[in-house]
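Q: Encoded as structure tokens, here's the structure I'll be asking about.
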Amino acid sequence: MDPVSTAGYVLGLCSLSSCFRSIVALPEMCPKCVELKLPREAASFCTQDCFKASWSTHKSVHLKAKLSSIGTGTDDVKSNLPEGWLYCLRKGQGRTSKLPQFDWTGALRPYPISPKRAIPAHVEQPDWALDGTPKIEPNSDLQHVVEIKNPDQIQRMRETCRIGREVLDAAARIIAPGVTTDEIDRVVHEATIAAGGYPSPLNYHFFPKSCCTSVNEVICHGIPDARRLEDGDIVNIDVTVYYKGVHGDLNETYFVGNVDEESRKLVQCTYECLEKAIQIVKPGVRFREVGEVINRHATMSGLSVVKSYCGHGIGELFHCAPNIPHYARNKAVGVMKAGQTFTIEPMINAGAWRDRMWPDGWTAVTADGKRSAQFEHTLLVTETGVEVLTARLPTSPKMFPWLNE
């Protein structure tokens, strides 16, 4: 008998021994065990009360079953995929037909990814589109000096950020159990192209997809793949659009079906962290204050703030000065001035703040396997405060119960 069956058998016997009459009566069956096709001994309980009393220990059988079947599951998916779907390696520069070996921190695993999506010739493309290497961005003076945008740049950013919002909304509308993250990427890609834009992540330092999809314990930069979203998942979709020579960047974390209360609180707190940070944005505020506000709200809820990734300047460059850390006691320098544009994008973890990197070189996950959530806006500092360039629209799908939209 394999370890999962053994564990289930022991737990089943424990449950049955406390109420031996189940031997002669029709037992209650755990629906999740039935779904996972576990042995009958693991799934049988004498009564509903017996099942409820055993739940805290019994549910570990489900996790063990899922973990033991991961290799087979991804292989089964791969066998049903069209030719060319492979696992990603080396920051997008490599592919393999086998699931990479790794000390996975949680239940999630990578799945094969589809071939690169095409870009029509008429679409204006950033300088990394063809060979994966940004040329202007790394050596720009704007890596050290925070640019004050002129009226023309600001107007172009408004247009681009509006497109980014509409693209993210289109992706949000298809979220449901059974939808693959590759399908989300397809919607993002096609909606961006239809608006005349280029999906900025595509081939940026060889990133293989048009958006990032970060599920459950993934903190950021998850690669869309063949995995189907499951009931109870949370998924972040991170969209950036390049249009008229500028970028607009935003993301949101969504519920997939029926999500547990702990995950709901995590996502709502993360949303609130961003909102509270935006409220302090105005000329004269120090960039380091953003992290203080976010950290205070997260820790009050028993959550932690990721330190490895931060907000950034944005405009004609995808990433530039300033850096906007989201944690307390950070060393960010400088103050906000009218005409600056940058992102704030807190990543908040249910457990510890530390992260690890998957073998694909992009996917950052929580070190303890617990869930993570993120929200992001592109902001413009005005003379009197802030303009949220990627703000939700009246037409945006109603995804967040606490907003009462």
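Cβ atoms are placed via backbone N, Cα and C, with glycine included.
Curation does not apply to TrEMBL; its annotations are automatic.
Look at TrEMBL and you will find 11-69 tagged as domain 'C6H2-type'. Taken from TrEMBL, the feature protein binding site applies to HIS221, HIS319. What TrEMBL lists as Zn(2+) 3 binding site is ASP238, ASP249, GLU376. The Zn(2+) 4 binding site annotation in TrEMBL covers ASP249, HIS312, GLU345, GLU376.
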Q: Around GLU345 (Zn(2+) 4 binding site), how many other CB atoms lie within 10 A of its CB?
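A: Within a 10 Å radius of the Cβ of GLU345 (Zn(2+) 4 binding site) lie 25 other Cβ atoms.
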Q: Around the Zn(2+) 4 site formed by ASP249, HIS312, GLU345, GLU376, list the extra residues of the same chain whose Cβ is within 8 Å of the site's Cβ centroid.
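A: Everything else in range on the chain: ASP238, LEU250, ASN251, GLY311, ILE314, PHE342, THR343, ILE344, HIS377, THR378.
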Q: Could you name the residues, excluding ASP238, ASP249, GLU376, of the same chain that surround the Zn(2+) 3 site, i.e. Cβ within 8 Å of the Cβ centre of those residues, in sequence order?
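A: Surrounding the site, in chain order, are CYS212, VAL239, THR240, LEU250, ASN251, THR343, GLU345, THR378.
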Q: On the 0 to 100 scale, where does the mean pLDDT of the domain 'C6H2-type' (11-69) fall?
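A: Here the predicted model's pLDDT, averaged over the domain 'C6H2-type' (11-69), is 58.
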Q: Including all protein chains displayed, how many Cβ atoms other than that of GLU376 (Zn(2+) 3 binding site) lie within 10 Å of its Cβ?
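A: Counting Cβ neighbours of GLU376 (Zn(2+) 3 binding site) within 10 Å gives 24.
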Q: Report the nearest neighbour of ASP238 (Zn(2+) 3 binding site) in space among the binding-site residues HIS221, HIS312, HIS319, GLU345, comparing Cα positions.
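A: If we rank HIS221, HIS312, HIS319, GLU345 by Cα distance to ASP238 (Zn(2+) 3 binding site), first place goes to HIS221.
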Q: Nearest by CA distance to GLU345 (Zn(2+) 4 binding site): which of the binding-site residues is it, out of HIS221, ASP249, HIS319?
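A: Comparing Cα positions, the candidate nearest GLU345 (Zn(2+) 4 binding site) turns out to be ASP249.
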Q: Cβ neighbours within 10 Å, counted over all protein chains: which one of the binding-site residues ASP238, ASP249 has the most?
A: ASP249
Q: How far is it from ASP249 (Zn(2+) 3 binding site) to HIS319 (protein binding site), counting Cα to Cα, in Å?
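A: Between the Cα atoms of ASP249 (Zn(2+) 3 binding site) and HIS319 (protein binding site), the distance comes to 10 Å.
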Q: Tell me which of the binding-site residues HIS221, HIS312, HIS319 ends up closest to GLU376 (Zn(2+) 3 binding site) in space, Cα to Cα.
A: HIS312
